[in-house]
Amino acid sequence: MAVKSFEAWDYVVFAGLFVISSGIGVFFAIKERKKATSREFLVGGRQMSFGPVALSLTASFMSAVTVLGTPAEVYRFGASFFLFIISYAFVVFFTSELFLPVFYRSGITSTYEYLQLRFNKPVRYAATVIYIVQTVLYTGVVVYAPALALNQVTGFDLWASVFATGIVCTFYCSLGGLKAVVWTDAFQMVVMIVGFLTVLIQGSSHAGGFHNVLEQARNGSRLNVVDFDVDPLRRHTFWTITVGGTFTWLGIYGVNQSTIQRCISCKTEKHAKLALYCNLLGLWLIAVCAIFCGLIMYSNFKDCDPWTSGAISAPDQLMPYFVMEIFATMPGLPGLFVACAFSGTLSTVAASINALATVTFEDFVKSCFPHLSDKKSTWISKGLCLLFGILCTSMAVVASFMGSVVQGALGGLLTGITLSFWVAIGAFVYPAPESKTLPLPLSTELCAPSNITTTVGPQLSSRPPLADTWYSLSYLYYSAVGFLGCIIAGLIISLVTGRQRGKDIDPLLIRPVCNLFCFWSKKYKTLCWCGVQHDQETEEDYLDSGSTWKQGAESALQNGFKQESLAQIPDYNSKDKNYSNSAQKTTHF
């Protein structure tokens, strides 16, 4: 593969991304130096407005894997990715209306604190450890994989980009805390959009215009979006994307520490909800840009596929290769695209480091040392950011040696994880047959002759019976499998060991789904509450109240919401299970 090199202007543009990102961290370190509390550092003092939080949410979950992977996916399998617009809408709606109110009103900082309030400490600690391990592994791959793809196509130094990413993210996370992360993400979101737009404009021009792009995509079957086949083994259908995609993204948005942490940093619940809904527009915009980049790539390479011809060695190199082709005579613009890709990486890594530091501090440090001073808490939080920055960067190095890129509650958790890992590892070892993934045809008819030798990987002599069924399950259903396994195992174990009565559950910890679907009938809503004593007051007053309630809620959280502790909380009536002052009365559902 002929590697095209960056020019001086490309490096200047790319370096500008890192300099500005670091500058934002320094700015907030200086600006917030007098507010030396862990609350300010980890959740921005819970005074953020919805605008920057919305941009931050979009940027951090649209990583470089999205920037490089989605266009390649559309190039190979078609524009069925458009259906993710539906699943994104479901995910944001459920997160905003079901998950966010519970987390926001309970006054927690770590999402896993909820598990202790609802179940017990072992469940909380198990979930926290799993989250830390998974996030460190994921972040390492997020750093390494895009850097490798860009290195092999553009000649951009692999390890320089890996270590620069780790150092810069650790630097501004450790200095400026959540506010630096949020505002840096907002800047990086703008860079991502500008990078995509330059590729869309130049790429469509290179292909003879946007109309020509659509015509050639239609002729190549890339615009066959909707397929209502209910087969769960098919890679992308209407059902796998809308149903499976919703479950997958709910795990990312609904209960993910990184998302919830930024939502609860908002000054009121209304701002938090607005951040989520505005973020939905950002998700749609990024998705549409990535999809059309994939269609434009196909229009340009329809007669000479660089992957099949051996010009590149992996699909995730398609986008960088395409960029180097269309911007060959425009110094600086390839650097802008690389800045676009690394904006996704920086935002994801920074959000992960901040979230890891938060759960570690809240779930372990504060549990062991509950009376730390504000100054010590802040320094420990900064030290944790530094520690996880080093761990995530080290994991990127490790990734280079890898291959391709309560009893009921605890039992359910382990069952769900086991099932998810089982099907995912089985699919990795025994990939689904093409009859299920249905890759679209690619052509090398007009490629120039080359001396590149295509190597064929080792073929497994036989496939077990599960290879074409269980292991061929669409990857979008992995989260649904884990979810159902957790719920079913948890219910069975709870029935065997003794179920909990609804009236004994604090209503603050339950968000009744039936309220969304039985809103017209008080009778049916009450029936579906299963004995949980939900307050039926309206929520409008609460959404704008915010800070007064949060101070009381945090005090209550420190007492664990345990029955023996509730009587000690100021203004709390343990007999009636409610608060006597007006600020607290508005907290129930």
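Just so you know, glycine gets a Cβ as well, placed from its N, Cα and C.
Unlike curated records, TrEMBL annotations are generated automatically.
Feature transmembrane segment, per TrEMBL, maps to range 12-30 of the set 12-30, 183-201. Which of 218-236, 237-255, 256-274, 541-559 counts as transmembrane segment depends on TrEMBL, and there it is 237-255. Beyond the transmembrane segment (237-255), the same-chain residues lying 6 or more positions past its ends with a Cβ under 8 Å from any Cβ of the stretch are 61, 80-81, 83-84, 86-88, 90-92, 94-95, 98-99, 111, 226-231, 276, 474, 476-480, 483. Where the transmembrane segment (12-30) meets the stretches 81-104, 158-175, 379-402, the count of C-beta pairs under 8 angstroms peaks at 158-175. Nonlocal intrachain contacts for the transmembrane segment (81-104), taken as residues 6+ away from its ends with a CB within less than 8 angstroms of a stretch CB, comprise 70, 73-74, 111, 114, 225-226, 236, 238, 241-243, 245-246, 248-250, 252-255, 259-260, 263-264, 269, 272-273, 276-277, 279-280, 283-284, 287-288, 290-291, 294, 508-511, 513, 516, 539, 589. Among residues of the same chain six or more beyond the transmembrane segment (379-402), those with a C-beta under 8 A of the stretch's C-beta atoms are 38, 41-42, 136-137, 139-141, 143-145, 147-148, 162-163, 165-167, 169-170, 173-175, 177, 349, 352-354, 356-358, 360-361, 365, 372.
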